[in-house]
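S.K.: Before we start, here is the structure in question, set down as structure tokens.
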Amino acid sequence: MHSFASLLAYGLAASATLASASPIEARGSCTFKTAAAAKAGKAGCSTITLDNIEVPAGTTLDLTGLTSGTKVIFEGTTTFDYEEWAGPLISMSGKDITVTGASGHLINCDGARWWDGKGTSGKKKPKFFYAHGLDSSSITGLNIKNTPLMAFSVQADDITLTDITINNADGDTLGGHNTDAFDVGNSVGVNIIKPWVHNQDDCLAINSGENIWFTSGTCIGGHGLSIGSVGGRSNNVVKNVTIEHSTVSNSENAVRIKTVSGATGSVSEITYSNIVMSGISDYGVVIQQDYEDGKPTGKPTNGVTITDVKLESVTGTVDSKATDIYLLCGSGSCSDWTWDDVKVTGGKKSTACKNYPSVASC
């Protein structure tokens, strides 16, 4: 039998353990059925379940400032009432956050209500998800349908997005435009693993950042796997990017690097590896340094350097009216490239390529 003294000692030890517990251990699991309740109660929860939430018009599902270690689960169908505004529909920040989707869940943006074929012009359309300051965190297994405009805006360090499905296929016939899947900027350490995307703009667009890995992606119907446009922003450096083991089909481009005319910056340590393309309407591989006001001018400048670029096992076919490969560099600004097993066929050969390293073919 335990003595009173030993029981007292045990109780004091337990109290000390509780007193020293981290905040997340003291918090509980919460289920929210409204966006307002989630915003008001998020700080007191170690696990947040978002249960069939209908987000009011013009309102962000605000999960910013989450306590470190919080788990977020999307359950049922998440919907958003209609208003013409900039968004985002969802915003999340914090450290060591784990975001998942429960079995059978759907985040249905019903973007057709906004689509008018004009993208960032025309009706004001909300962006979908801001992962700004969502550091050392993960987003896994989300099923997303019909974003009004861009899907994920990533500005975070050490973030991993895995098994994300973005199905904007309806936008092909209903006026979806500028529905980028993953826009990455001002980030260090971004991993995007096994995404499935059907959209009407870039599957991946990296405007700035370092240590970025995109692997095992399926990209359908958009503008391909892009770096840029680089230049003209507060951060104009893209470094150490690997894009690999992915397919790009029925898209405008497959592999693309573009920089802004007259700007400064750098693109370096870039690898595209094991990329398979089909049904490409514009360019299989395009690297150009002539963008101005969002459009190519045909007049490249050399203020943004593109160095240490490796293309290996980049293969597939483009449409007969498309161009296999187009390389337009400024004087001396493209260097130290490696090309190995780059085989793009089916389209035209460009006669306008300029200033590209001799190891490449155009």
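From the backbone N, Cα and C atoms, a Cβ is placed for every residue, glycine too.
The active site annotation in Swiss-Prot covers HIS223. Feature annotation from Swiss-Prot assigns disulfide bond to CYS30-CYS45, CYS203-CYS219, CYS329-CYS334, CYS353-CYS362. Taken from Swiss-Prot, the feature repeat 'PbH1 3' applies to 267-289. Residues or ranges marked as signal peptide by Swiss-Prot: 1-21.
Neighbours and distances for these, please.
M.R.: Remark: HIS223 (active site) has ASP201, ASP202, CYS203, SER251, GLU252, ASN253, ARG256 as non-local neighbours, by Cβ distance under 8 Å and separation of at least 6 in sequence.
Its own atom aside, the Cβ of CYS30 (disulfide bond) has 17 Cβ atoms within 10 angstroms in the protein chains shown.
Listed in sequence order, ALA181, PRO195, VAL197, CYS203, LEU204, LEU225, SER246, THR247, VAL248, SER249, SER251 are the same-chain residues at least 6 apart in sequence whose CB falls under 8 Å from the CB of CYS219 (disulfide bond).
Taking a C-beta cut-off of under 8 Å and a sequence gap of six or more, CYS329 (disulfide bond) has these contacts in its own chain: ILE287, GLN288, GLN289, PRO300, ASN302, ILE306, LYS354, ASN355, TYR356.
Other Cβ atoms within 10 Å of the Cβ of CYS362 (disulfide bond) number 17 in total over all chains.
Counting only same-chain residues 6+ beyond the ends of the repeat 'PbH1 3' (267-289), those with a CB under 8 A from a CB of the stretch are 224-225, 227-228, 230, 238-259, 261, 296, 300-302, 304-319, 321-330, 333-334, 342, 344, 347, 356.
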S.K.: Cα distance, CYS353 (disulfide bond) to CYS30 (disulfide bond), nearest Å?
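M.R.: Cα of CYS30 (disulfide bond) to Cα of CYS353 (disulfide bond) measures 58 Å after rounding.
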S.K.: Here are some disulfide-bonded residues: CYS45, CYS203, CYS334, CYS353. Which one has the most Cβ atoms within 10 Å of its Cβ?
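M.R.: Counting every other Cβ within 10 Å of each candidate, the maximum falls on CYS203.
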S.K.: State the Cα to Cα distance, in Å, between CYS353 (disulfide bond) and CYS334 (disulfide bond), rounded to an integer.
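M.R.: Per the Cα atoms, CYS353 (disulfide bond) and CYS334 (disulfide bond) stand 12 Å apart.
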